[in-house]
Amino acid sequence: MAALRSKDPTTKVGAVIVNENKVIVGSGYNGMPTGCSDDELPWGKDSENFLENKYAYVCHAEMNAILNKISGSIRGATIYTVLFPCNECAKLIIQVIFLSEIINYIKKES
């Protein structure tokens, strides 16, 4: 569900963090940083100019889920993701959550 909020035309990613009681304590999706316009920054990915690609701006779903957490501590929580986390998000998850588990749900093509 979180992935559906993404404005990215090609890659919609969501992440949800649940605590030991299976209560949602954080969620996020890939998108531009808070306060930045989704309409003014680029969503392309093929330009030779790095600043004309989304990669220079987009915050990943895992990062947003951690930053949007509603609980003081999320240590030992589980994070559910649409795609396996990139290297930078994996480090953030390990650092902040003291990783219990990353559960990756990949859509099956029908």
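In case you wondered, yes, glycine gets a Cβ from its N, Cα and C as well.
Annotations in TrEMBL come from automatic prediction, not curation.
As written in TrEMBL, here are the features:
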- Glu62: active site, proton donor (ACT_SITE)
- His60, Cys86, Cys89: Zn(2+) binding site (BINDING)
- 1-110: domain 'CMP/dCMP-type deaminase' (DOMAIN)
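Distribution of TrEMBL features across the structure.
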residue	record	Cβ neighbours (10 Å)
His60	Zn(2+) binding site	21
Glu62	active site, proton donor	30
Cys86	Zn(2+) binding site	12
Cys89	Zn(2+) binding site	24
Collapsed DSSP category at His60 (Zn(2+) binding site): coil
Cβ-based neighbourhood (8 Å from the centroid) of the Zn(2+) site, residues His60, Cys86, Cys89 excluded: Ala61, Glu62, Met63, Pro85, Asn87, Glu88, Ala90, Leu92
The residue listed as 'active site, proton donor' versus Cys86 (Zn(2+) binding site) - Cα distance in angstrom: 9
Cys86 (Zn(2+) binding site): secondary structure state under DSSP, collapsed to three categories: coil
